[in-house]
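Here's the structure we're looking at; comments come further down.
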Ligand code: IPE
Ligand code: IPE
Ligand code: MG
């Protein structure tokens with residue numbers, strides 16, 4: 001298990017984030033600005049995904065998590081939702097071979113039971129094919145909601161309690177083991193493109209101590225240079241995790257230890 005809780009133990013930090021999580025926003029506005037239908041922005045968004053994956057792999061980022069479809073995006077017009085589903089199928093069919101060839105492990109998190117059988121089957125096959133790759137773990141959050149994630153983890157603990165006939169131990173470690181992304185460390189850097197400054201029900205639990213970066217750039221325009229600006233901004237942050245600046249200085253003793 002790779003997940004370690006930043007509120008239980010202070011994680012190691014480096015200039016390059018180990019885990020970047022992105023809300024890819026602004027596809028619709030990118031298209032509207034060009035007098036194109038909104039869905040043209042989603043199509044271009046796939047190209048930006050490819051660029052982000054390549055740039056992260058090159059920069060040495062270990063985990064990249066992309067919010068592709070939220071649990072609230074079903075509220076959009078039927079035609080846009082259907083288009084996004086078709087785009088998801090096409091991307092899975094066309095891109096998985098390339099991901100595999102580049103040593104990338106693909107995971108998809110969210111309530112996948114709401115997707116049709118074809119999509120569920122493509123996801124399972126892609127995950128199995130790429131399971132042993134170690135260069136970068138690319139997670140696509142699809143029909144994902146931070147509240148859904150916390151609820152499903154709570155349900156699993158409740159089911160475990162019922163099965164064993166006594167209450168399962170509930171603490172941050174046991175709880176987070178049941179989160180959809182228990183295989184990854186918490187995100188170091190959160191990026192939202194498209195100008196909005198909200199979380200929109202993304203990784204609510206995991207973003208507790210993540211550094212936030214907001215940019216006006218629409219997702220289809222977010223390229224390797226834009227990613228490198230975000231990483232540079234991250235490198236300038238002081239991540240204190242509750243401690244003081246003085247405690248972070250190299251000569252400081254016991255900066256990582258928490259009172260028992
Ligand atoms: C993000 O872009 C993609 C999805 C939510 C699927 P939007 O479609 O939200 O684009 P804007 O925010 O309307 O411009
Ligand atoms: C968040 O974007 C979800 C994804 C990028 C998949 P939205 O465009 O759906 O968010 P809101 O509605 O503006 O908060
Ligand atoms: Mg949006």
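All positions are counted from 1 along the displayed chain.
Quick reminder: no glycine exception, Cβ is built from N, Cα and C everywhere.
TrEMBL does not curate its annotations; it predicts them automatically.
According to TrEMBL, the feature active site maps to 25. DSSP gives residue 25 (active site) a coil state; it is part of no helix or strand. For residue 25 (active site), applying a Cβ distance below 8 Å and a minimum sequence separation of six or more within one chain yields 192, 193, 194, 195, 196, 200, 218, 219.
Reduced to three states, the DSSP call for residue 73 (active site, proton acceptor) is helix. The number of other CB atoms found within 10 A of the CB of residue 73 (active site, proton acceptor), across every protein chain shown, is 17. According to TrEMBL, the active site, proton acceptor annotation covers 73.
Residues or ranges marked as Mg(2+) binding site in TrEMBL: 25, 211. DSSP classifies residue 211 (Mg(2+) binding site) as strand under the three-state reduction.
Per TrEMBL, substrate binding site is recorded for 26-30, 38, 42, 70-72, 74, 76, 192, 198-200.
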Task = For each of the binding-site residues (30, 74), count the other CB atoms lying within 10 A of its CB, then report the residue with the highest count.
result = 30
Request  = Sort residue 192 (substrate binding site) into helix, strand or coil using the DSSP assignment.
outcome  = strand
Note = Hits among 28, 192, 211, i.e. binding-site residues with CB under 6 Å from ligand 1, come out as 28
Ask   = Looking only at Cβ atoms, how many others are within 10 Å of the one on residue 199 (substrate binding site)?
value = 15
Note = residue 73 (active site, proton acceptor) sits from residue 28 (substrate binding site) (Cα to Cα, rounded, in Å) at a distance of 13
Query = What's the CA to CA span in angstrom from residue 199 (substrate binding site) over to residue 73 (active site, proton acceptor)?
reply = 14
